[in-house]
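These come from TrEMBL:
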- 6-76: domain 'Release factor glutamine methyltransferase N-terminal' (DOMAIN)
- 98-193: domain 'Methyltransferase small' (DOMAIN)
- ASP144, ASN185: S-adenosyl-L-methionine binding site (BINDING)
- ASN185, PRO186, PRO187, TYR188: substrate binding site (BINDING)
Amino acid sequence: MSTLRQLLSWGSETLEKAEVPDSGQDAWMLMEEVFGIEKSYYFLHGTDKIDLDVQKRYEEMIRDRAKRIPVQYLTGKAWFMGYEFLVNSSVLIPRFDTEVLVEETIKHIMPGCRLLDVCTGSGCILLSLLEECKGRISAATGVDISKDALQVAIANRNRMGLTADFRESDLFSDVEGVYDVIVSNPPYIATKELEGLMPEVREHEPILALDGMEDGLYFYREIVAQAGEYLEQGGWLCFEIGYDQGEALKEMMTEAGYGQVKIIKDLAGLDRVAIGQKNNNWNEF
């Protein structure tokens with residue numbers, strides 16, 4: 001039987017040997033999850049003996065993390081925009097970088113807004129916008145090609161007590177009506193770059209949500225070409241983009257007739273969001 005201190009030390013060392021980034025932080029996060037404790041408790045009771053069954057559960061999670069399974073999949077939870085979301089291997093883990101997309105989209109949500117989220121995944125973008133813009137969104141719809149991802153989104157919606165319609169759709173194939181804002185974080189990694197991703201991403205997150213085909217721009221082309229049919233005049237199309245895709249998206253959206261096209265950078269100074277407005281110059285394809 002070990003103490004909390006001994007177990008945390010073992011966890012950190014095990015993850016470090018497995019070359020897991022932030023090994024000490026991850027070992028602590030898993031201890032928080034398994035034991036349900038905060039650091040204040042740990043400092044006061046670090047030398048206390050712990051229950052063997054709980055110890056075995058912690059050791060099992062550490063071994064799984066050493067296999068490069070993401071912490072969020074082990075705990076089943078991830079934080080985004082200050083909200084806790086349920087996640088599993090059917091959905092991408094919400095990223096801090098994506099908060100830039102939410103923050104930029106908020107600026108274009110007016111009272112009575114009809115909102116569509118394409119490639120919704122866990123629903124974290126749509127549901128965060130509903131929370132942040134309470135009273136301004138009259139209808140919210142999230143679509144995804146993955147039934148398993150939609151089950152996660154529905155669970156998050158129900159857990160948060162929000163009203164949103166989630167439906168299976170290959171981009172716009174089953175979308176009806178028009179919207180004032182369409183937001184999307186589509187797959188945008190070029191196929192040839194997938195092999196170079198971190199093991200946590202490459203081996204455990206859904207490839208369906210990552211692979212943007214040959215040049216990473218396939219889904220942008222499809223959405224840009226189709227979105228105008230579902231956007232109200234004056235409506236906004238808002239994307240998350242890759243760090244090197246800003247110019248391509250600006251050109252693509254401008255050529256399609258979107259106005260006020262802008263590329264917004266993240267805190268690291270990298271291209272992160274592309275937005276454009278449907279105006280009188282929008283071209284029907």
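Just so it is clear, glycine is given a Cβ too, placed from its N, Cα and C backbone atoms.
Here the features listed in TrEMBL are painted onto the structure.
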residue: ASP144; record: S-adenosyl-L-methionine binding site; CB count, 10 Å: 27
residue: ASN185; record: S-adenosyl-L-methionine binding site; CB count, 10 Å: 26
residue: PRO186; record: substrate binding site; CB count, 10 Å: 19
residue: PRO187; record: substrate binding site; CB count, 10 Å: 19
residue: TYR188; record: substrate binding site; CB count, 10 Å: 23
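Within the domain 'Release factor glutamine methyltransferase N-terminal' (6-76), the DSSP-based counts of helix, strand and coil residues read 52 helix, 1 strand, 18 coil. Cβ proximity to the substrate site centre (mean Cβ of ASN185, PRO186, PRO187, TYR188, cutoff 8 Å) flags the following additional same-chain residues: CYS119, SER184, ALA209, LEU210, GLY212, PHE219, TYR220, PHE239, GLU240. Taking DSSP states H, G and I as helix and E and B as strand, the domain 'Methyltransferase small' (98-193) has 35 helix, 25 strand, 36 coil.
Between the CA atoms of ASP144 (S-adenosyl-L-methionine binding site) and PRO186 (substrate binding site) there is a gap of 10 Å.
Within the model, the domain 'Release factor glutamine methyltransferase N-terminal' (6-76) carries an average pLDDT of 96.
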